[in-house]
Amino acid sequence: MKELGELVHLFVSAFLFHFAAYMIIPATTDITMEALCPGQDACSLAIYLTGFQQAATGFGAIIVTPLVGNLSDKYGRKTLLMLPTTITVLPLAILAYNQTREFIYAYYAVKMVAGMFADGCMQCLSLAYVADRVCERRRASAFAMLLGVSTAGFVCGTLLARLLPVSSTFQVATVAAMATATYVRLFLEESNPCLARDDEEINKPLCSTSSSSSSDGESLPRLTVLRKRPSLSEMINLLTSSSTLSRAAVIAFFHSLGENGLHTALLYYLKARFHFSKDQFADLLLIIGIVGTFSQLTLMPFLAPKIDEEKLLTVGLLASCAHVFLYSIAWSYWVPYLAASFVMLSIFVNSCIRSIVSKKVGSTEQGMAQGCITGVSSFASVICPLIFTPLTAWFLSDNAPFNFKGFSIMCAGFATLTALVASVTILTGELTAYEGSTPADEEQNSGPILFSPRNRDDEIK
């Protein structure tokens, strides 16, 4: 409870941030199509514009997120959290002022740049902040609670969007985004592992009595990564320093590819297939948000101490596959609502991946490690529009090769299925390592890995 008490201000900040960011989603699809293709249920221009913005944002996030995460290891989480919370205000303010065709284009242009600093960095820095404050054995539950609070912000924002007129939705979202930046600046405490602990403390994982040691049994000094910008080779070394980290990166990539593919196509698919409007979009998002919030705040903290993250990850990906495939073959307007219920288990995936990665690195590498995983996910979001945007536009048009409007969503399901197969390999790998290890091996490997084990001697020098 003491650890959770230290995270209250972070939880409030995350709630307000996602409240503002997700409030506009149900209305954005409607106003974009109304401005670009008035009176139509399908609009290729809107699909391509959204896809281009998503790809450009993801490409920038690949570079920006690991950099910001690494800088937070040196300068502190709060200092860097001011960046995404402040820059989010700009695109919202544009649509709060006007929603005509010219302002729609301006919104997507500014959103493209702002998203590079906001979308991935907020999650990366928040997770690193939690890792600084919570001990390793309770980190999975704390991550789940953070994501649950974020989902609660998503639910409240969507519910309010359901009640507000479109013109007021963007104004309220802008005020909420400004309140987020103000709250972070005034109330959130700084968290900096490099300044808060001396070298001896940094050498050990938080709340753990084990320490990293060399192969000959001598204790190695903890490496503090204070570079202004991590190189590509350093990020690759970090992700390949452990087979578990490598597999976690593969899972993050394919899961993100499937999720982004679903999000790229879903709203336009539902509008073309069942003539959904803003209110139906909001209802669907509310179901997803409420179920996800309940799962993250109650079910995940209950299961995490009793079941390994690797097993929960496999369960979550199995539910995610069912979730996506059911959308693709929806035969009636109520089927998407049924598919949304699978979020109760599929929401486990992100928390489990982040917890697995967090346990494999030291306290001064949390920002960079989480940033690298977010960068991998951002790379998937770059590739996703190149694949799913033309595929969605093609199968929703009159020139589709066959009548299957959900074909692009089914392809996204196959990407999620690939992540599921990879999660089974990480689970079997952990079980094999556990069965083949001796007590001495377990004691020696109990600490977190150093920054670049393959170049450990060079790094120490």
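From the backbone N, Cα and C atoms, a Cβ is placed for every residue, glycine too.
It should be emphasised that the depicted structure is a prediction, and the values quoted were computed from it without experimental measurement.
TrEMBL lists 6-430 with the feature domain 'Major facilitator superfamily (MFS) profile'.
Taken from TrEMBL, the feature region 'Disordered' covers 437-461.
Residues or ranges marked as transmembrane segment by TrEMBL: 7-25 (among others). Remote same-chain residues near the transmembrane segment (7-25) are listed as 81, 84-85, 88, 92, 95, 118, 122, 126, 129-130, 133-134, 142, 145-146, 149-154, 156-158, 160-161, 169-170, 172-174, 176-177, 179-180, 183-184, 187-189, 281, 285, 289 (criterion: CB distance under 8 Å, separation of at least six residues from the stretch ends).
Residues or ranges marked as transmembrane segment by TrEMBL: 45-68 (among others). Outside the transmembrane segment (45-68), and at least 6 residues removed from its termini, the chain residues within Cβ reach (under 8 Å) are 29, 32-33, 36-37, 80, 83, 108, 111-113, 115-117, 119-121, 124-125, 229-230, 235, 260, 264, 268, 367-368, 371-372, 374-375, 378-382, 384-386, 388-390, 392-393, 396.
Annotation comment: TrEMBL describes 80-98 (among others) as transmembrane segment.
Look at TrEMBL and you will find 104-130 (among others) tagged as transmembrane segment. Within the same chain, residues 7, 10, 13-14, 17, 21, 31-32, 35-36, 49-50, 52-53, 56-57, 60-61, 64-65, 68-69, 72-73, 77, 80-81, 83-85, 87-88, 90-91, 94-95, 139, 142-143, 146, 150, 191, 354, 358, 366-367, 370-371, 374-375, 377-378 sit at least 6 positions outside the transmembrane segment (104-130) and bring their C-beta atoms closer than 8 Å to a C-beta of that stretch.
Sequence annotations record features per position, and here TrEMBL assigns transmembrane segment to 142-164 (among others).
Within its own chain, the transmembrane segment (170-188) has Cβ neighbours under 8 Å at 9-10, 12-13, 16-17, 19-21, 23-24, 27, 78, 81-82, 85-86, 88-89, 92-93, 95-96, 99, 157, 160, 164, counting only residues six or more beyond its boundaries. Annotation source TrEMBL lists transmembrane segment at 170-188 (among others).
Summarising the annotation, TrEMBL assigns transmembrane segment to 284-305 (among others).
Long-range contacts of the transmembrane segment (337-357) within the same chain: residues 127, 139-140, 143-144, 147, 151, 244-245, 248, 251-252, 255, 283-284, 287-288, 291-292, 294-296, 299-300, 304, 309-310, 312-313, 315-320, 322-323, 326-327, 330, 369-370, 373, 419, 426, each at least 6 residues beyond the stretch ends and with a Cβ under 8 Å from a Cβ of the stretch. Summarising the annotation, TrEMBL assigns transmembrane segment to 337-357 (among others).
For 369-395 (among others), the entry in TrEMBL reads transmembrane segment. For the transmembrane segment (369-395), same-chain residues at least 6 beyond its ends with a Cβ under 8 Å from one of its own Cβ atoms are 44, 47-48, 50-52, 54-55, 57-59, 61-63, 65-70, 120-121, 123-125, 127-128, 131, 235, 238-239, 245, 248-249, 252-257, 260-261, 264-265, 268-269, 353-354, 357-358, 360-361, 401, 404-408, 411-412.
Residues or ranges marked as transmembrane segment by TrEMBL: 407-427 (among others). Remote same-chain partners of the transmembrane segment (407-427), defined as residues 6 or more beyond its termini with a Cβ less than 8 Å from a stretch Cβ, comprise 244, 247-248, 250-251, 253-255, 257-262, 264-266, 269, 310-311, 313-314, 317-318, 320-321, 324-325, 327-329, 349, 356, 387-388, 391-392, 395.
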Chain residues outside the transmembrane segment (142-164) and at least six past its termini with a C-beta under 8 angstroms from it: 3-4, 7, 10-11, 14-27, 123, 126-127, 130, 133-134, 172-173, 176, 278-279, 282-283, 285-286, 289-290, 292-293, 295-297, 300-301, 304, 347-348, 350-351, 354-355, 358
